[in-house]
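Notes to accompany the following structure.
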Amino acid sequence: MRFYIQQFIRTIMMAVFAVFFLRLHVTGELARYVNPKYDGMSQLAAVIFVFLTFIQFSRIWKSKKDNQAHCSKECSHHHGDDHSFLKKVISYVILIFPLLTGFSLPPQTLNSSLAENKGTLLSEGQSLDIVQESDDHQYFPAVENTDKNHNEKPLPNNNYLQEEAYQKKMKTLEDVHSIDMNEDIFSSYYEVIRASPRDFVGKNITLQGFIYREEGLHSNQLVISRFLITHCIADASVIGLLTEFEQASSYEKDTWMEIEGTLDVTTHNGAELPIIKAKRGRVIKEPSNPYIYPVLRKMTD
């Protein structure tokens, strides 16, 4: 029997890839890389790598007789790979590199630095004309670092909705006086509010997000933001609502907050934008899954 080192290396690589995918599912870290709708595909990938591991394992040891039986002394062709040693090394490095980074570097949550690199979150322009705020509802109590209601794990993000349920939620947005920007409907609500801000003036709103600041904002302004993931982290885009309150300058960027306030309208270089006149706010812990996803509407059961 002959031991084949290349087959052994490939077996180890297949096994490690399988462990990596299984680890992402067990720890729940997969959602920090891709949209949860791809859970099934990643599970299938893990199964495939397990299968390939067993296939490769059977090739580690082979009989010399079996290996040479089909070739005579005059045989001039070469067995095994025809690639040069350098090409083999490069191919292994390409495969090993994502494993090394995947295991050695913990997944990092996207933050305002990426938002800054992607450019302006609000409408384009340099000037910012703010609607005059009313002092009688600018009450912002002392910040709390923890809250018993937010020690619990957030519900798993389910970005699938039946068409009937989706239409009901969108109808609720028009009828209710208080809007709760839950993760499962956040992107759809945001799109409607951003498109027709005057339709929601005076309505109460509650949302959670991280602090992002753009150049040109007043000292009492910031943006409560979320990263929207369509497929994977690479296509992440930041969305958020301009928020105004007296203590805004005392909070660091990337701080996670829950804001309650009243929707109003402001202008940014001639474009109307929704703005939250904050009444209450508090610092919260970053959610276990800080991203939001587009609503995928199911037409049938």
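Heads up, the Cβ atoms here are built off N, Cα and C, so glycines get one too.
Annotation comment: TrEMBL describes 9-120 (among others) as domain 'DUF1980'.
The residues of the domain 'DUF1980' (163-294), classed with DSSP into helix (H, G, I), strand (E, B) and coil, number 33 helix, 56 strand, 43 coil. The annotation domain 'DUF1980' is assigned in TrEMBL to 163-294 (among others).
Taken from TrEMBL, the feature transmembrane segment applies to 12-34 (among others). For the transmembrane segment (12-34), the residues of the chain that approach it from at least six positions outside its boundaries are 42-43, 45-46, 49-50, 52-53, 56, 92, 95-96, 99, 102-103, 107, 109, 157, 229, 231-233, 288-289, 291, judged by C-beta separation under 8 angstroms.
Non-local neighbours of the transmembrane segment (40-57) in the same chain are 7, 10-11, 14-15, 17-18, 21-22, 24-25, 30, 34; each lies 6+ residues outside the stretch with a CB under 8 Å from one of its CB atoms. Under the heading transmembrane segment, TrEMBL lists 40-57 (among others).
Positions annotated as transmembrane segment by TrEMBL: 89-106 (among others). Residues 9, 13, 16-17, 20, 83 of the same chain lie 6 or more positions beyond the ends of the transmembrane segment (89-106) yet place their CB under 8 Å from a CB of it.
Mean pLDDT for the domain 'DUF1980' (9-120) in the predicted structure: 75.
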